Amino acid sequence: MPEPVPAAKPEGEAPEEPVGEELPPADGEPGSTELTGLFVEKPPENVVAFTGSDITFVAKVDSSTLTRKPAMKWLKGKWMDLGSKAGKHFQFKETYDRNTKIYTYEMKIIKVVPGDAGGYRCEVTAKDKCDSSTFEISVEAAQQEEKEDILSAFKRADAGEDEGDLDFSALLKKPEKEEPDIDVWELLKNAHPSEYEKIAFKYGITDLRGMLKRLKKMKVEPKHSEAFLKKLESCYSVEKGKKIVLRCEVVDPDVQVKWLKNGQEIKPSAKYTLKSMRTHTRTHTHTHTHIIDKCFTEVFVKEPPVTITKLMDDYHVVVGERVEFEIEVSEEGAHVMWFFEDQELHKDKDMKYRFKKDGKKHMLIIQEATLDDIGMYHAWTNGGHTKGELEVEEKQLEVLQDIADLTVKATDQAVFKCEVSDDKVTGKWFKDGVEVLPSDRIKMTHVGRFHRLIIDNVKPEDAGDYTFIPDGYALSLSAKLNFLEPPKIHLDTTGNMVSQNTIIVVAGNKLRLDVEITGEPAPTVVWSKGDKPITETEGRIRVESRKDLSSFVIEGAERDDEGNYTICVTNPAGEDKAVLFIKIVDVPDPPEHVKCTSVGEDCATIVWEAPKFDGGAPVKGYLMERKKKGSSRWTKLNFDVYPSTTYEAKRMIEGILYEMRVFAVNSIGMSQPSLNSKPFMPIAPTSEPTRLTVHDVTDSTCSLKWLAPERIGAGGLDGYVIEYCKEGGDKTRHYAYNIICNKNLIPLPWVVANQELCERQGFVVRGLPVGEKINFRVVAVNVAGRSPPALLSQPVTIREIVEHPKIRLPRELRTKYIRRVGEKINLVVPFQGKPRPVASWYKDGQPIDPKMVNVRNSNVDTILFIRSAEREHSGKYELVLQIENLEDRATIEIRVVEKPGPPVNVRVTDVWGFNAALEWEPPKDDGNCEVTGYTIQKADMKTKEWFTVYEHNRRTNCTASDLIMGNEYMFRVYSENLCGLSEEPRLSKNTAVIAKTGATLSNPYKEKDMNCMPKFTQPLVDRSVVAGYSTAISCSVRGFPKPKIIWMKNRMIIGEDPKYLMQNNQGVLTLNIRKPSTFDGGKYSCMAVNELGQDEVECKLDVRGTSKGEQGWGLEMGGRGRDKGRCYRCSKLNIDWVYHDSIKY
């Protein structure tokens, strides 16, 4: 196909396509875009051009990240698209580099004029991305060219080794004639309006409407008309397909007005609308004329540039052949001009040419080509150009009908026939290079342009290559005579064939079946599975064909590949078929539904179902494995295949959860394992319950009690089943028997009394008949089943017995019951009696107030409950138990106590030596219990630190000894009872002054200033302790006033953490750490602060982890009293031990 060439005719043509580059297809414009950096190279921002010079702008776009071809627009100002002005002045070019995936866009301005100055923009869009670049062009007057050396103009450039040599070959060329510049304004001014469109098409005028408006102003105003008030405009311009309204006004509204187009009257129709409303309106395009008094107008239809979408092809024909040049344009009905060399072709002038239009297709047809038609043919539109070359050769000997290959059977006739263009041409026939001579079977004929070779009674030796050579021409016609042989399939029944036409393939293996095929000509082979042909030559299942051999291949055979396969071979002599059955064998599927049906003490019975698919081979048996739950180690249970689907697994440990899985085995191999069975545990039923007794009997119920079985086992105990039957049955069986009048025994089953398992060791059987003798038995149940039953030694008569009411007062309630204020009181008093007795409570002879005390009664006990005890709850409570006229009484004394008040009138009665006598009176409030003693404390008036003198002093006086001479003391006394010390002490009314005795100093005593900042006299010492053993760190400090002590761990203040106990005894500071762990190690510091300053000491505590060798003897304990623990040395559990202040092992 010829390449597009630059336009040389009209302006406004489409940009030429790039030469030697292939562009990717352009997709549709994107719906939305975002601004991104798509430009690799942009035009310079400011460019200065000289008038009359050419200038080129280049922009490059990287399309490696784009999914579609980018679209480029060159704009001037804000909106003027320069693509519509493409022609001699503006030229655009686009190229694409497949290696770098970069588009290069060029805009070239030919012979720059001052009007080209201004702002320009290039904009690229691609789907949802866009980018733009702006630049400015300044146009200046052309500068005077400097004189150059005349010889430099003739030097070669870009000539390799000859570069720089003189070259005068340009002077020998014929100078091209320069076409004189044509003034388009003068052409339009002097031309008839009907010629405007032709001039615009020829000279590439794109803004015809604007030029006509300016041309209208240049023309002389028309003379005034007496018939028209307002004439039509001199010209109108409208886009193709749009509506246009032509309006004029006449003097006489009744005058007859006619509209004409190119001299023909216009009639109203769907396309034309004529209205007379003192304003005559007309919708159409083209020239209109009014008769009598006339007014004219020109209508110009603006069409978009028509581009050529399909270029013209070159033709190479012989004389007399038909030539048809074809192009496609962008719009239907477009005007296309055809040229032969530089001459325009017209239908009327050139009868040998035909012009044909079919939608967007335009064709130039030459019916019979001659040597004069050789040359270049051009097609022009207002937006594009293409060309094609026609080459015509003289007519030579033509082969109108070539010899065809023949395939014949034995004894048939073979006829070779050919036709040439000249009926006078003779020739010779050859077979395999040897001339064929006529005989009885072989005949040669020549009739007109037809030449024939006839062979009768064809034999196998007649097969070969036959050639006809015309005399006098370097031309030969050849054909082959094939001797026909029916197709035949040759199957190899050895190898994988286990029976006739059956092939067994192991799943996953490769099958390659090579089938030898004979036949002449080579037959066509078709493989199919069922009715579906197999045509793939690549893939897992494919067919490979070679000469005389067809191969059917299955890579990695699967179960779905099993079935009947057919091979069918055909040729003109017949066909042959063969059916093969391919059987895929595989290991079987895993067995299904593996489950445990029963368990014993050390065994379990496992059942499963056979696999759904046996793999194409019978299942020989099964292999079993088991493992403990949570373990990953499987143990094989059998090494020889086991034929049954039920298996009893033995030698298991009772109480351990096991899982089972099963493998199926056939002749191919072993299947995948089945799903694991649900976990099961080998267990045995418990022994029978013990000591079954009757606890209570009423008219319809019987209450039973028993103890747990002696042997429970690993299966545990889920509950009990209570059963009963009437007297007369066999207690050892599941059925009881009654004797009826005809002396036949009818089995009476045991009746289950509880629908759900009873977890307690007692049960009340209800709904029993009054007066009947009933046998009872109890069975323990666990996951292994029922235990042997526990039976009563004799039947029970269902009848209620009256029992006197009796209160079983607990031992702690037989004496005074003391509780502190705020504690709860919960008294449970059991009783007995039948029928159910009525319990009533009284306080100090009056019924209790339910608002203060809560009472709940049951069949066997009564509960008195006080949520928060107060002093007013104290008193004597009486419980009265009544059954009809029988009753029983019990009295309970409750005392609610609290801490006492402080003593009264504490005073110092006497002071002598280093002693002081104190007296006081008992407190007014003893807390509702006896005052058991007093606590006396003293304090020096200087330090005001309190020290205990006596504790638990039972008298109301005491003597404080060992007082320091010269000091003044004050005293305070706490009362003490069962609840503890009183909340507040009572201070003595006076003080005790210990007078100084002996010599007196002559100099007056000067009191020493004791104030000093804190100072540690003994620092903290680093320690290393064993985790779990309590430890303490100590230091001592002095300072006055008494400093505030702050303990810190790793510079963090230790708050009210119960793990730490901080003590301060006369300046000796101790931090006790209870059972430290490795996390308690670190740096401990103690800070003393008072108003005069502060001091700090620090130590490091290292907590070592315990090991068996270091633990020694000891017990892990969690409270006080009797408990069970673990030995540190042997780690034995369930060690009973007793501890109070010391630990015993």
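Quick reminder: no glycine exception, Cβ is built from N, Cα and C everywhere.
What you see is a predicted model, and the numbers here were worked out from it, not measured in a lab.
Pulled from TrEMBL:
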{"type": "DOMAIN", "residues": "30-138", "note": "domain 'Ig-like'"}
{"type": "DOMAIN", "residues": "222-265", "note": "domain 'Ig-like'"}
{"type": "DOMAIN", "residues": "395-467", "note": "domain 'Ig-like'"}
{"type": "DOMAIN", "residues": "487-580", "note": "domain 'Ig-like'"}
{"type": "DOMAIN", "residues": "590-686", "note": "domain 'Fibronectin type-III'"}
{"type": "DOMAIN", "residues": "688-801", "note": "domain 'Fibronectin type-III'"}
{"type": "DOMAIN", "residues": "805-893", "note": "domain 'Ig-like'"}
{"type": "DOMAIN", "residues": "902-997", "note": "domain 'Fibronectin type-III'"}
{"type": "DOMAIN", "residues": "1014-1102", "note": "domain 'Ig-like'"}
{"type": "REGION", "residues": "1-37", "note": "region 'Disordered'"}
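Taking pairs at least six residues apart, the domain 'Fibronectin type-III' (590-686) and the domain 'Ig-like' (487-580) share three or more Cβ pairs below 8 Å and count as touching. Sorting the domain 'Ig-like' (222-265) by DSSP state (H, G, I as helix; E, B as strand; all else coil) yields 0 helix, 17 strand, 27 coil. In the domain 'Ig-like' (30-138), the DSSP tally of helix, strand and coil residues is 7 helix, 62 strand, 40 coil. Helix, strand and coil residue tallies for the domain 'Ig-like' (805-893), in that order: 6 helix, 52 strand, 31 coil [DSSP]. For the domain 'Ig-like' (487-580), the neighbouring stretch richest in Cβ pairs under 8 Å, chosen from 395-467, 688-801, 805-893, is 395-467. Mean per-residue pLDDT, taken over the domain 'Ig-like' (30-138), amounts to 83. DSSP assignment over the domain 'Fibronectin type-III' (590-686) gives 0 helix, 42 strand, 55 coil. Residue counts for the domain 'Ig-like' (487-580) by DSSP state, with H, G and I taken as helix and E and B as strand, are 3 helix, 59 strand, 32 coil.
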